[in-house]
Every structure is written in structure tokens, then in C-alpha cells.
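K.L.:
Handing you a structure now.
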Amino acid sequence: MKNVFVMDHPLIQHKLSLIRDKNTGTKEFKELVREVSMLMAYEVTRNLPLEEIEIETPVCKTKAKVLAGRKLGIVPILRAGLGMVDGFLNLLPAAKVGHIGLYRDPETLEPVEYYCKLPTDIEERELIVVDPMLATGGSAKAAIKFIKDRGATNIKFVCLIAAPEGVEAVHREHPDVDIYAAAVDERLNDHAYIVPGLGDAGDRLFGTK
Ligand code: URA
């Protein structure tokens, strides 16, 4: 599948299986989502550019590599995306966090933005949009469009589980956006839930069921 990178690291896969299990309670679910997000942040940032600077160790002066000033932004799609933010910030504490909230218009079925607060300099940032479930792709496509409309040019999308339908939909509309997932599942069911999936990520994160 084009533009989707499946992160098959054993730790990610092990933790994802625990996340999927319906007997995993809210507290553990939240911790596991944070841990998997942190591991995914490690993989997603693999190609960040480095530059060499001069530092002084207790022994001598030397050249050392540091991140080359590329600024990052994490953009969770409300509300389930919030569960992934802390894991990313654990590894990327200097990243700014924007938020985007969408609901589906009951008549047109189109996603409508009800909240959007982004870093002011998004055109200079590499933005990582996070949402645990890429199902139909409707929210992801809309969120990416809203962010592009405000000037962002460098966007990645990170989810825990993707459906093939969602990957295809995002790729068709945003072929420049790479998708990172811990798993691509079989399909969507009639209620647009991912099968086998993990259920409703927002409800499981926030104990609202
Ligand atoms: N959103 C979820 O939380 N779960 C799904 O399976 C699909 C969309």
C-alpha cells in the first residue's frame, strides 16, 4: 500500500495487542497508548536532519550532532488524538501542540471544524497529525486540508490502527502525506468501526462507555 509505513517493532506490536484486548481497562489503555505513541515518535522522527556543532566534554572539545533546527508540531484530532500527545512530547519536549476538532454535519455528512488552534508558524514546522484510528479517513482528510489551508506544507499522519479504506482515502486526497500506523487491519464494518480494531478509542481512553 502506498504511503503507509507499518511499524512492526516487537514492542509496538506487543503493546498494541494489549490495547486491542477488550479486558484492558481505561488506566492501562491510556498508559499503553502513551507508550506506543512514544515508540512511534521514535520511528517517525528517524529521518530528521542533523547538524554538527562544537561542544566541550569534560575531556576536550569535539564536534557533536544535534537536531538541525527543524521545528515540530503535534496536532491531535479531538478527542481521541489527545491520548497520543504525551507519548510524543516525552521524546519531543520542544514540539508545539495544536488542536483540531471536527464533527460530522448530520445533513451533509461532511466534517465541519469546530475548533482549531495551531502554532502561529505552522508553515515552518513539520506537523505530525495524530489520531489513534484511521477509519473512513473523513476526519483525517479534513484535518489535513484545514492545516494545509493555513499554510502547512510538511505533514505526517500517525495512527495506531488504520483501515485500508482510510489509507486509500487519505492517499487519494493528500498523496504528499505519509501515514504511519502500528497496524493496517482488515476492513471497516457497517458502523465504520475498524475490524478487528480496538473499539471506540475515545471511549476507551476517557472511560465514557
Ligand atoms: N474510531 C474509533 O474509535 N474506532 C474505530 O474502530 C473507528 C473509528
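Note that Cβ sites are derived from N, Cα and C of the backbone, with glycine treated the same way.
Curation plays no part in TrEMBL annotations; they are all automatic predictions.
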K.L.:
Which candidate from D21, D200 does TrEMBL annotate alongside R79, R104, D131, P132, M133, L134, A135, T136, G137, G138, S139 at the 5-phospho-alpha-D-ribose 1-diphosphate binding site?
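P.N.:
Looking at D21, D200, the one TrEMBL places in the 5-phospho-alpha-D-ribose 1-diphosphate site next to R79, R104, D131, P132, M133, L134, A135, T136, G137, G138, S139 is D200.
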K.L.:
Round to a whole number and give the Cα-to-Cα distance in Å for the pair D200 (uracil binding site) and R79 (5-phospho-alpha-D-ribose 1-diphosphate binding site).
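P.N.:
Between the Cα atoms of D200 (uracil binding site) and R79 (5-phospho-alpha-D-ribose 1-diphosphate binding site), the distance comes to 11 Å.
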K.L.:
For the recorded uracil site, enumerate neighbouring residues of the same chain (Cβ within 8 Å of the Cβ centroid of I194, G199, D200, A201, site residues themselves excluded), in sequence order.
P.N.:
P132, M133, Y193, G197, L198, G202, D203, R204
K.L.:
Under 8 Å between C-beta atoms and at least six apart in sequence, can you list the same-chain neighbours of M133 (5-phospho-alpha-D-ribose 1-diphosphate binding site), or say none if there are none?
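P.N.:
Same-chain residues close to M133 (5-phospho-alpha-D-ribose 1-diphosphate binding site) (Cβ under 8 Å, separated by 6 or more) are A80, C159, L160, I161, A162, I194, G197, L198, A201.
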K.L.:
I'm trying to understand the geometry here, so how far is the Cα atom of G137 (5-phospho-alpha-D-ribose 1-diphosphate binding site) from the Cα atom of G199 (uracil binding site), in Å to the nearest whole number?
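P.N.:
One finds 16 Å between the Cα atoms of these residues.
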